Amino acid sequence: MNNNWTGDTRTSCCVGVCRKRLTFFQSKGLEWCDPPHRLMVSMVSGFFAVFAELLLPGLAVLCRDWPVLQAVATLPLLLLLSYWCCASVFPESPRWLIATSQISQAKKCLQSFSARNGMCVSDELYPAETLLSEIDEVFPEDIQPEYHHVVELRHTRVIWKNCLILGFTLFIGTGIQYCFTRNLHIYSPHFYFSYFLRVLTGALACVFLCVSVDRFGRRGMLLLAAIVTGLSSLLLLALTQYLHGGLVLVLSVVGLLSSQALAMLSVFFGSEVMPTVVRGGTLGLIMAAGCVGMAASSLMELQNNGGYFLHHVIFASFAVLSVLCIMLLPETKHKPLPDSLKDGERQRRPPLFLSHISQDNPPLLRMQPQSSEYNRDSYSRLVTATKKMLTKDALPYKISISPQAPLLSSNGTVPDANEDSS
């Protein structure tokens, strides 16, 4: 590496190659796991990307030349040929096969999964309760596969909007990082200081997302990351010459941390919110927007910081604008993945403010949901008490009625008082 800008540019290219590989495995891994484990599967790929970035300077020292380093970073892509040739090594997603009506391939994939896990999915004693029989009941035998393409997004409204917003946030998260790393060169002229600091903030961003996203939601944490990124960028843009050096360093590190969290969460959010039938294509569009942001940072380095102020102003403005756009996204926490285009179109954003019952005008009657559970002991006690109430001898007291003489006798005359007294 001859100078700083060539090192930053070439390293960002290798890092981009590593992240694109892991993004492909991340999108497939989300389709294989249940909603509570989707975040952990995604963050595992993020930690692998951070580990690859930590190893990259060591490979650069060993290779001693840029073409050799590029070849070493690219040759592992040949391993993907084995995944394509041998389906047992990296099988296709059953969710995508079922969503595209490829029923026979889906059955084979599920049978291979069950054989590897030591479970039987085709029980002859109870065929109606097995998974394969349920698939046969839902799908007819002569169904034809239905493939979808990214071009079909022009007929959608919600899916295209979500894809555009997440691509915009990823573009900001990758492009604005140069605005923060540039301030780090003031404290150390060496390339490795800013590089390792950026990698460490990426690892901290992964840990932060693992702790907070499942608790506060995808949409809320994406909104928080965009707000912190925009505020840090605006403060550095307006007050850099008036702030102390330590405060500039703190704002740069915080902005770098939030921008990387914004980029990671945008990719993960896009993997969840996009339908299964077009998840690969839409995720490719989102990642393409992220590559444009990385290219913008590389162009600034190649031009020797020419036009840096305009670059900072544009991305700071975009970060503020993204805050308004994120509010239009739906929430996907603990929700199943959408499979068809109709499922993706049904996704709606949650209300901005939750409606609460006014304390000044409470309702007269509050309906309490009654439990419908059957309690055998309570029912038996109720039957016993009812029988006792219907039994005559079980009454607590007897009502005695004294016989009274009729007011009129049989002949119609009033009886005498003497007779009554006698």
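Glycine is treated like the rest: Cβ placed from N, Cα and C.
Taken from TrEMBL as is:
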COMPBIAS  337-348  compositional bias 'Basic and acidic residues'
REGION    337-377  region 'Disordered'
TRANSMEM  39-62  transmembrane segment
TRANSMEM  68-90  transmembrane segment
TRANSMEM  163-180  transmembrane segment
TRANSMEM  192-213  transmembrane segment
TRANSMEM  220-240  transmembrane segment
TRANSMEM  246-269  transmembrane segment
TRANSMEM  276-296  transmembrane segment
TRANSMEM  308-329  transmembrane segment
Could you give me three numbers for the compositional bias 'Basic and acidic residues' (337-348), the DSSP helix, strand and coil residue counts?
5 helix, 0 strand, 7 coil
Counting only pairs at least 6 apart in sequence, do the transmembrane segment (163-180) and the transmembrane segment (308-329) share 3+ Cβ pairs under 8 Å?
yes
Which range out of 39-62, 68-90, 220-240, 276-296, 308-329 gives the transmembrane segment (246-269) the most CB pairs under 8 Å?
220-240
